[in-house]
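Undergrad: Submitted below is the structure of interest, expressed as structure tokens.
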């Protein structure tokens, strides 16, 4: 394997397809036969990771993976926060500027038309003026009349154009402020829309003023917020009710089965059936937990705290090592500090789902798993790579959909419910990050998550 420097952000910048956005920067597009050390800003923990032997997977020259569609354009951040980004496209004029130019253009066109009409009328009036002289011939009088008309028209047109230009500049300035005043209600609507999240849906624009089209737009937006608030309240109640109504019967079933299996007089057939039912019950519990977590992770975060991804990964690996079915997979941790800003519980579920997905879909014999954390180009990054079956590039996108696995669309007993990467994607998008997945040469998958950085906890 060779090493190469981290590619730089493309012309789209950090807010485009090649940047962190909803959805991340480009260096996380791994999957080629090349690797590189973490390349971040000077002083990044990623530099320390490079000295300690950490290696970030890179795409080969013919493998430039694209971000998952759900991650595109998602790097926005909260309005007013450190990651707030303007969504104005390069070279696009604002409505205020267009209105100002329209005002100016209409004024100049009207002024030019008025000047033309005035010139025609003045020329007609001056044409009727007769020069009367003494001691000059009629030809000389006609020449003097022509010169008088030309000189008068030149002065009239020149001074009129000068006045038109001066008044036109004043009109543009006044048009700029008039357009700003006319668009101020729309700016209020835009500011409110950017600030809103699930926790602030109670806010309203409540625009006052004349009953015009802009007020109608604001009232319509307020009505939409009311419906959204009701929808989120309904979802919260459903999640709470489902959490209780679905998990409680399964917990009771598990207890009854465990008691039955603990009976020393139970027959072998009964024990076999009990173990099968217990495994089925456990799968149903995991499915319900996954669905509830998926519903929770798709909601807007109300609070964010600094979380070290290295500590989260270490905790997840410690729990994973205690499970018997994980012992046949060789885990290679390459953990360096990488502080993200987010929800600690959701981030632990994110890393846990990445690790469990990599273990379940690993090679049957001699499986390996690599997990890397750190700061890469200023962003908190976690990357999980595993051996396993060959994943076609066209199948990668489908893996992020709920209940989807490679070559299977139904819930299977051994591989889980197919919610692992769906939960990962939802958690990443809730954190305004981005997730990439590319096939690993020789089989397996490389999944990279980039999250907004946070200051390390004191």
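Glycine residues also receive a Cβ, built from the backbone N, Cα and C atoms like all the rest.
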Undergrad: Taking 161-179, 180-198, 199-217 as the choices, which stretch does TrEMBL tie to transmembrane segment?
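TA: Going through 161-179, 180-198, 199-217 one by one, TrEMBL gives transmembrane segment for 161-179.
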Undergrad: What range among 49-74, 75-100, 101-126 does TrEMBL describe as transmembrane segment?
TA: 101-126
Undergrad: What is the average pLDDT across the domain 'Histidine kinase' (241-455)?
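TA: Across the domain 'Histidine kinase' (241-455), the average pLDDT comes out at 82.
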Undergrad: Please list the DSSP helix, strand and coil residue counts for the domain 'HAMP' (180-233).
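TA: Per-class counts: 40 helix, 0 strand, 14 coil.
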Undergrad: Determine which residues of the chain contact the transmembrane segment (101-126) at the Cβ level, with the cut-off under 8 Å and only residues 6 or more beyond its ends counted.
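TA: Counting only partners 6 or more residues beyond its ends, the transmembrane segment (101-126) has Cβ contacts under 8 Å with 93, 148-149, 152-153, 156-157, 160-161, 164, 167-168, 171-172, 175, 178-179.
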